[in-house]
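A short write-up of the structure that comes next.
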Amino acid sequence: MLRNDTITAIATPPGEGSIAIVRVSGPDAISISDRIFSGNIAGYASHTAHLGTVSHNAVCIDQALVLVMRAPRSFTGEDIVEFQCHGGYFACSQIVNALLAEGARAALPGEFSQRAFLNGKIDLIQAEAIQQLIAADNIDAFRIAQNQFQGHTSQAISSISSLIIEALAYIEVLADFPEEDIETEDSLPKHRIMEALSITDELLSSFDEGQRLAQGTSIVLAGLPNAGKSSILNALTQKNRAIVTDIPGTTRDILEENWVLQGKNLRLIDSAGLRETENLVEKEGIARAREAMSQAEGILWVVDASQPLPEFPTILYQKPTILLWNKCDIVSPPQIEVPFQQISVSAKTGEGLLELKQALQKWLNTTQLGKSSKIFLVSARHHSLLHSVYTCLTAALNGFTEHLPNECIALDLRQALHSIGNLSGSEVTENVLGEIFSKFCIGK
């Protein structure tokens, strides 16, 4: 990728809006922008804003507010100019065309963030957090990404790296001076490796919880056919997402719907009604329903209050479960003793849905991020590389127990540092960078 040219792109989403932003970055950002602006951008101080007119070939394009950020005190570390013009498509696209005509190049997806990384303004972990911030669809995903962007994850990785480097330096001294009788069983390198292992293990153990928080808590609606599972899904999400009929066995596959409740993300899963059947398609749907129940973090067991009480599967007693007595608008549910919460609802009238939402909110509040700086891994790339670090550190630690040569232990530590380099970006390949930043939007 060329790093000595100047790039431009629209930085705001397409469509109607009050303001659109065109971003320019590179060594000629100021001179190129100056040629299409009525003011004197070349003479403006850094971090100042100026109102003027954007024109090209003697044709006025729009009135715009220009922001000037000079290198190295900018997001990319280069000279940056931003044009804030009227929203919509035409004004910003014509400004981009004018900038291209004056010598700028159209930016690639994520190229502004990539330049920030290459110029040392952010590390790769922080760069990836930018995309996570943009893609966050619930408050927990946003907070996890915000913590990562603020550098909390990077600081933990840096601590691991420092401990490994300290251990490696000590071991290399032992390798260089084998004649010295230095006891290593309880030595500094072993303790440093154990400290690094502890931090690595803590990060790895946060992955499942981080995934749950970012992607949403999975809750299955399960029960007999025609109990009202699909109707309750539609009522909660206020969408006609699931097909509803009076024919038993209408739902024959897993249907998943993301639903944000008070900023928290849930994955509501509608499933096939559980019953004995000879229909091969329905039988497969029931098998998938049971699998979904086994993997879900919670179950809404839906019962038609007007029908005989069905047998409760064992799994209801093994997971957080709420018993939903549906059709309470036409019949009062029976009084039974069960070890989980019971709520009377009506998918038809909406009765009881507020109580159900409040119960679900309590489930979701089990893990509260709040303003905490707790680190959660959510990236599969980060998890894979940290797992490699953990494996190498474990091998190095075992090397002490097995009295392996110091050179072997040092080799494991160097491999751990290599994985950390790939994680932070200090040793990452150009192909990996291309893959990561290609997922970004143009203009970011």
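Placement of Cβ uses the backbone N, Cα and C atoms for every residue, glycine included.
Owing to the predicted nature of the structure, the values given are computational and were not obtained by experimental measurement.
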Glu82, Lys121, Lys444 bind (6S)-5-formyl-5,6,7,8-tetrahydrofolate per Swiss-Prot; candidate in Arg23, Arg35, Arg414 listed for that same site: Arg23
For Lys229 (GTP binding site), the one of Arg23, Glu82, Lys121, Lys444 that lies nearest, given that the binding-site residues are compared by Cα: Lys444
Most crowded position, judged by CB atoms within 10 A, among Lys121, Lys229, Ser230, Lys444 as binding-site residues: Lys229
Model confidence over the domain 'TrmE-type G' (216-365) (mean pLDDT, whole number): 83
Between Ala272 (GTP binding site) and Ser230 (Mg(2+) binding site), the C-alpha gap once rounded to whole angstrom: 9
Surrounding CB atoms that lie within 10 Å of the CB of Ala272 (GTP binding site), all protein chains: 27
Separation of alpha carbons, Asn226 (K(+) binding site) and Glu82 ((6S)-5-formyl-5,6,7,8-tetrahydrofolate binding site) (Å): 58
DSSP three-state assignment for Lys444 ((6S)-5-formyl-5,6,7,8-tetrahydrofolate binding site): coil
